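*Asks:* I have a structure I would like to understand better, so I am pasting it below and will then ask my questions one at a time.
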Amino acid sequence: MKKPYYITTPIYYVNASPHIGHAYTTVLCDTFARFHRFMGEETFYLTGTDEHGAKVEKAAREQGKDPKTYVDGIVPRFKDLWKLLGIEYDYFIRTTDENHQRTVQNILRDLEAKGDIYTSKYKGWYCVPCESFWTKLQLVDGKCPDCHREVQELEEENYFFKMAKYQTWLMDYIENHPGFVRPEIRRNEILGFLKEPLEDLCITRPRTRLGWGIDYPNSKDHVIYVWFDALINYVSAIGYTIDDKKFNRYWPVDAHMIGKDILRQHAVYWPIMLKAMGVEMPKMVLAHGWWTMGGAKVSKSRGNTVDPVELVKKYGIDAFRYFLLREVTLGLDGAFSEDLLAERYTSDLANDLGNLWFRLASMLGKYFEGKIPACAGDALLSSEKPNLVNLYHNVESAMLDYDPRSAVSYIWAAITRLNGAIEYNKPWVLAKDPAKREELARFLVMLGEWLAHTAVLLLPFLPHTAQQILERFKLKTDWTIENEDDFGALFLKAGTPVERGDALFPRLEEMK
């Protein structure tokens with residue numbers, strides 16, 4: 001039996017509401033999960049929230065709440081946004097879940113028994129926002145090298161994980177598995193980082209300094225470092241140390257989708273943790289870029305966040321998804337502005353796809369009583385099947401290479417050709433000549449078949465729009481395409497009434 005496809009978002013920190021960065025990662029994973037279901041594969045899509053640590057404790061204190069009450073109030077904001085965006089995850093994990101906490105403690109007991117954990121006094125410079133210790137040499141102008149904010153000098157006794165012990169192994173593994181960290185620029189970044197001596201990882205904080213976290217096993221005086229706790233969600237969610245059958249069914253994960261700002265934790269800490277645990281490596285860590293505004297990263301700390309809820313309310317779910325998937329190549333940074341979103345909406349969605357549907361449905365209504373005309377379907381299939389199958393393979397190849405922008409571009413190239421075919425064939429001229437009625441019927445059926453096939457391919461990307469088109473053709477909306485023969489068949493039946501319906505993407509001026 002083939003292993004199910006398993007994809008994860010990072011679990012999101014709950015010290016504030018979700019923004020466009022969270023939405024981007026989650027939409028990407030949702031698109032890949034939908035695509036693999038579309039290909040007939042069993043799929044497990046994991047997302048969730050990271051609920052421990054100093055930042056959460058501080059945010060709760062500022063609101064006069066205990067941390068658990070605070071996180072219980074934030075988590076629904078993430079779930080509500082995912083519902084608004086049509087995200088179909090299979091499991092939502094919280095690091096406050098009992099099973100997750102049990103798994104974290106089980107792993108630590110095992111690592112301690114193996115001799116990979118020890119206690120020691122530690123002196124270093126601590127960044128509260130990043131919840132990270134740094135050596136003096138790592139500081140940049142005396143500040144945190146990651147977020148460039150002030151650090152404080154601390155000395156305390158903690159538990160340490162022997163990360164340095166596995167440095168040579170990790171370098172060799174990454175060099176021998178070129179697809180493990182993607183894109184290549186991030187792989188090179190990690191290999192460069194590993195050229196410097198790797199320090200052991202401090203994996204606890206004294207409870208006197210941090211009260212909100214999972215207890216270290218057999219030590220009520222320490223809580224577990226938030227990153228060590230958080231990374232384990234990828235295995236705790238599928239039963240590691242609790243349900244071996246479930247774990248072995250889903251692991252290894254096919255793709256950890258992350259932002260490039262948490263690359264080190266996922267491409268250094270996590271594989272070393274797994275190696276020490278004796279667990280197989282993930283197939284891939286894929287780091288996407290940042291969304292920027294005015295050249296600066298969109299982030300909570302900079303106060304320049306973009307509210308996905310407002311954008312979805314204004315432009316619709318699929319327009320927002322389309323912009324995220326089409327505007328930037330996965331792995332690179334992307335510039336966000338509402339003007340760019342509005343431009344994509346008008347040119348690609350309203351003018352290209354929306355207008356194509358309107359023209360086809362209108363011509364069917366005008367010339368064939370709103371029904372699919374009868375014509376020589378077999379001849380049509382033999383002439384168009386190679387082109388349809390080629391489109392299917394191009395989209396499939398791009399998605400298996402984790403390139404949704406190219407996949408959508410292939411589909412849009414087909415939409416552009418269909419609009420061009422209308423201008424070239426001039427069906428309104430054919431309609432004036434009774435002798436050319438069969439030619440008109442063949443052309444409109446060809447146009448309809450292409451649009452129906454395009455809608456099927458759009459299901460993972462623009463699910464709601466694709467379903468609308470398929471429903472208007474009186475076709476099913478839960479498609480599974482496992483091979484080219486499935487996709488190369490005729491979808492439309494002669495005599496089927498076609499409902500034109502409202503505009504798929506109303507003009508922006510009409511929405512004001």
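Don't overthink the numbers, they just go from 1 along the chain as shown.
Every residue, even glycine, has its Cβ placed from backbone N, Cα and C.
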*Asks:* Among the residue ranges 12-22, 254-264, 364-374, 419-429, I'd like the one that TrEMBL describes as motif ''HIGH' region'.
*Replies:* 12-22
*Asks:* With every protein chain in view, how many other Cβ atoms are within 10 Å of the Cβ of CYS127 (Zn(2+) binding site)?
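*Replies:* Here the count is 21.
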*Asks:* Which three-state DSSP class does CYS127 (Zn(2+) binding site) fall into?
*Replies:* strand
*Asks:* I want the residues beyond CYS127, CYS130, CYS144, CYS147 whose C-beta is within 8 angstroms of the mean position of the Zn(2+) site's C-beta atoms, in chain order.
*Replies:* VAL128, PRO129, SER132, TRP134, LYS143, PRO145, ASP146, HIS148, ARG149, VAL151
